[in-house]
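Sequence annotations record features per position, and here TrEMBL assigns transmembrane segment to A:22-41, A:82-106, A:118-142, A:148-169, A:206-227, A:254-274. Per TrEMBL, the feature domain 'ABC transmembrane type-1' maps to A:83-274.
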Amino acid sequence: MSTVRSTLNETIGIDETRLRKFGVYVAMYGAGILFFLPYWYMATQSILPRNLIFDRNPHLIPPAVTTTWYEQLFAAAPMVQWIINTIILAGGVTVVVLVIDSMIAFALTRLKWPGRRLVFVTILASFMIPAVVNLIPIYTIISSLGLLNTYIGVILPLSGGALGVFLLVQFFKDFPKELEEAAQLDGFSTVQIYAKLILPMMKPAMTALALFTFISTWNQFVLPLVLLQSESMYTLPIGLVTVRDAYATTSQPGLVMASALTASIPLLVLFLALQKHLIRAVELQGTVE
Amino acid sequence: MSISTPQQRIRAVREEYSLRETLEGYGFSVPYLLVFAAFLVYPLAYGFWMSLHDWNALFPDRTEFVGLANYQTLLADPQFWNALGNTVYFVVLTVPFLVVLSLLLALGVNRSIKGRRVLRTLFFSPYVLTVSVVGLLWQDVFETNGLIAYFTGFVAEPVNWLIDPLLAMPAVAIATIWWTIAFNFIILLAARQNVGEQLYEAARLDGATSWRAMVDITIPQMRNPMMFVVITSFLSSFQVFGQPYIMTDGGPAGATETIVMYLYRTGFSAREFGYAAAVGYVLFLVMVAVSLVNYFVLQDDGGTSA
């Protein structure tokens, strides 16, 4: 049957595998264009002059360009301040998570103490808790601690996640016991084994966790939205929405697109520079089962 | 071992663990456990406690214990059912695409086609965007003179999707798929690369078509990652908040108000904290149920095809 078909194809001059390959190219590049167009649209809308931006059809190739939206944006909104705020918050969570997660992962994998299995199972079970369930009680708790509108009040609730502990445990437990024993013979204390042996050897895992934590905190929306209340404290994601709302009545798509593009650039640059590590960070999460 | 008095057990523990190592173990665990207990475990219990009260945030002494009254009000509120229905609708609109499209993109990028690295970067890139950028961008894309209308303009009168009761939720779903497919895509791409090529060679020698190879090798070999992708997609779609909050604010006429938006509105606009905490708990129960159903359905599926 298949020989009949292949001879038929040979006589018409079309190779079936080549035809299929062509189909794959069309589908993949088609999808690529669909993924790319929104970026292109965001960029072109942000540089279109006012008289063109409301035209019935969008100008995918701008006939004229302007920087006026960016000038207005930076004059009207503290974009740089928001970027700094977001770096403080994301950096703060990343540091806290790396320190406390690596410490407990070390205790769970390299030290013998009663109750460690129960502790690990409890941490794993917390995967079942959806973040938003705790939104109201966390607001109330942070409020009664007097930590509303402070970064520490946002950093702490974002630092207790189980994912980092789980990831690091997977790596720490495979660390060769002989190296640890050799270090003990050399007179290393437990703290030294943690700080001078395990941590340096676990750099790839720590880097992946750091990247993942930084990006997911950078993009946090609902918790900063309810916990931070003054404009000078806002993170970028919250600030952007207030820019849009401030101009909602007059509707300034150019300005809004300029703000969106400006906000995406820091992480897109980070993404392009560290893509390999980031892919690794996501892949690791696929092993959480 | 199994039959032992408390004294024997304590002695066994003393023999098994050294005091020093035990103290070190607790010492290294305490920082994380404090944060974990204070901001994950305690809020979960405190939220349930709150949900049993008519909570007064301004005057705590006027807070009243009301038992399950919040839950009763909730179940009788048509707006709650509307929000739950919208959320389920959103899940139905997004999850199949988030799973199937990410699988197809992963299988495509895994082939030896030219420019696959560029394509991989492109499909993965929305992962680093914040929900505000996605929301604001796609809000404009769906405008009457936006990108979508530009292409549909040839066949239909251009409309603003986000103010159309029938099109608003699909629009939010499309934006979400573009944004969140990246994560699944990378997981499934890694999973596909872990499937041994010799399996495909053997199949080829047996004369299997590539469709059969996909059904008999690719899908079963990628079972666990697929399950992971399905469950995480379900859980994140159930908790959707930022996209509709930014793009539609729940409109038009409540057509895109999801359960988390309802929780946010009752909590932070109406200041009904006890009530909103009850909404959170109901959402929690729904999600646990969905996870269990998912788990058993996917397990069952494996049983019949194996």
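Glycine is treated like the rest: Cβ placed from N, Cα and C.
Same-chain neighbours of the transmembrane segment (A:254-274): 42-43, 45-48, 50, 53, 68-70, 72-73, 76-77, 79, 83, 211, 215, 218-219, 236-237, 240, 243-244, 247, counting only residues six or more beyond its ends whose CB sits under 8 Å from a CB of the stretch.
Contact counts against the transmembrane segment (A:206-227), taken as Cβ pairs under 8 Å, peak for A:82-106 among the stretches A:22-41, A:82-106, A:118-142, A:148-169. Tertiary proximity for the transmembrane segment (A:22-41) is limited to same-chain residues at least six positions away from its ends with a CB under 8 Å from its CB atoms, namely 58, 60.
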